[in-house]
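Participant: Quick one: the structure is below, questions incoming.
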Amino acid sequence: MGPLVPNIISNEFNLIVALIAGIGFGFTLEQAGFSSTKKLVGLFYGYDFTVLKVFFTAGITAMIGVLLFGQMGILDLCLIYINPTFLWSALVGGAIMGLGFIIGGFCPGTSVCAASIGKLDGLAFVFGSGLGVIAFAEGYPMFEKIYLAEAWGPVLINEKLGMSKIVFGFLLTAIAFIAFFLTRLIEKRVNNDQSKLPKKRILAYVSAVGFAFFVLIVIAVMPDRYSRLESRMNQAFAHSDLTSVEVPADKLATEIVNNYYRTNIIDVRSPEAFKAYHLPFAINIPFDKMTDRQWKTILDQKHKTNYFYADDQQLARKGYLKAQFLGKAENYILIESSSDFKNLFSNLTPPDSNASKNELNTYNFRQKAATDMKILVEALKNSTEPVIVKTSKIKGGC
Amino acid sequence: MKPNKYMNPYMAGFLLGLVLLGTIYVTGRGLGASGAIKRVVVTSVVEVAPQHSANTPFIKSYHEEHPGGPLKDWLVWEVIGVVIGSFFSGVISNRVGIKLERGPNITNSTRIIAAIIGGALFGLGSQLGRGCTSGAALSGMAVMSFGGIITMIAIFGSAYSFAYLFRKLWLK
């Protein structure tokens, strides 16, 4: 599941990704005509709206793609970088950039693009940008107040407008298409252009608009990955017989004593319950948190066997079923609840004098297992402390 | 040879959108440009005037937060890619060549000075806005960032409001 950096693609290889992304970026900018200031500033005098067309099309394409990937469950939208909002510096900075745009005729990306094909004005603009950065760095104390004011964090525009992402997606896409239509009218008037679009082109545009809305509708009606998972799990819960994968406490204890290195004991209860008591070597993966990417390495591996337990049979079974859908690991369920396990091994009561041989054997076995588990836990204390996995945050910027 | 025509803008926009989407999918963040300029500039300042940089809090903290030089920086590599990609596109469309583009009523030196001033304003503004047209506006739009979208509105709104004042730079 994306983003692939840093868990699937390393940070070093990421630099090669940067190079490839840059090549794609530069190529499309230049092909679109962004290496020419005449084309760029045309936007502001109404004779050429290429910038708006390219920019808006790219924006909605990527936006719809991000929504689609998120809904399909192949991109974790909680992990992608959202530019933080600093209200005043965003507005003032934007206004200064706009002034720079109309005077210089470029923005930083397009100036690099222009300089690359030999435009001297592009090169001058890049040089100027460097000066601007130095001016900011040197004068930082002067800008600091506005730079840090009204820090709202990574807020999303749809939240601000009080609508869902998909509704905003529809809205922005509609705005883009209306803008394309209106700017064509303006462009024609400013350039005294009487020409009509060829039929083929009109057909292509109409189908592109249709396709965009079609994808948006698909996103709107498609259940997301987790609700799909949930419904499959509930179905399986109602229909499947899980007795074959249920393991009694004695067997699990033997497994812990002899093969602790090949087992994952997974507690699907809440962190509080886990803290109060948990089985030796248990890892706490609360049921609702099982889909978090940090548990993937446990729920989807082939080296260790996973044993699930909880305080009630229902929850343990649900945890087992969820794990079955989430990964390919070998999973089992502990029949007993955690408190039963505690009673069986921690609060052992010796059998009375007239107990049968069988009862005595069981008692001896449990006592030994309990001591062994205690010794093992003590001996491996440092190496088995649950590792707190930090969720990786992607650093961003312009 | 005559330069080839530019690509259909919607087609180019669609391709650019796919590049951006691919970048977000792989790296979790969008494209950028001004950040790379910043990285190179700050590193150069530190190299040229170490004493001075140590006394300038902004440069000092930025440099400390970004160890390892510009060649360890994602955006620097991305901009190197932009140079390659643009040059390649220029070559296949016959647009490469030393050239200075200017409005019909101004001299070459006016154009160069305007480009430097415009660049300086953009460089300064992009620091305040935490990103430029690519990093804040375009990438912000793709991930529905409120900050990115208001920066975009501010950039284009301001450019439109100043356009009349600077029309002599561009129009007849």
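From the backbone N, Cα and C atoms, a Cβ is placed for every residue, glycine too.
TrEMBL lists these features:
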type     : residues  : note
DOMAIN   : A:259-350 : domain 'Rhodanese'
TRANSMEM : A:12-29   : transmembrane segment
TRANSMEM : A:50-74   : transmembrane segment
TRANSMEM : A:86-108  : transmembrane segment
TRANSMEM : A:120-143 : transmembrane segment
TRANSMEM : A:163-182 : transmembrane segment
TRANSMEM : A:202-222 : transmembrane segment
Participant: Taking all residues of the domain 'Rhodanese' (A:259-350) together, what is their mean pLDDT?
Facilitator: 88
Participant: For the transmembrane segment (A:163-182), I need the partner stretch with the highest count of C-beta pairs below 8 angstroms, choosing only from A:12-29, A:50-74, A:86-108, A:202-222.
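Facilitator: Comparing A:12-29, A:50-74, A:86-108, A:202-222: A:50-74 has the most Cβ pairs near the transmembrane segment (A:163-182).
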Participant: Quick test of the contact rule: Cβ under 8 Å, at least six residues beyond the ends. What residues does that give for the transmembrane segment (A:202-222)?
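Facilitator: Residues packing against the transmembrane segment (A:202-222) from afar: 60, 64, 67-68, 71-72, 166, 169-170, 173, 177.
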Participant: DSSP says what for the domain 'Rhodanese' (A:259-350): how many helix, strand, coil residues?
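Facilitator: Across the domain 'Rhodanese' (A:259-350), the residues distribute as 42 helix, 18 strand, 32 coil.
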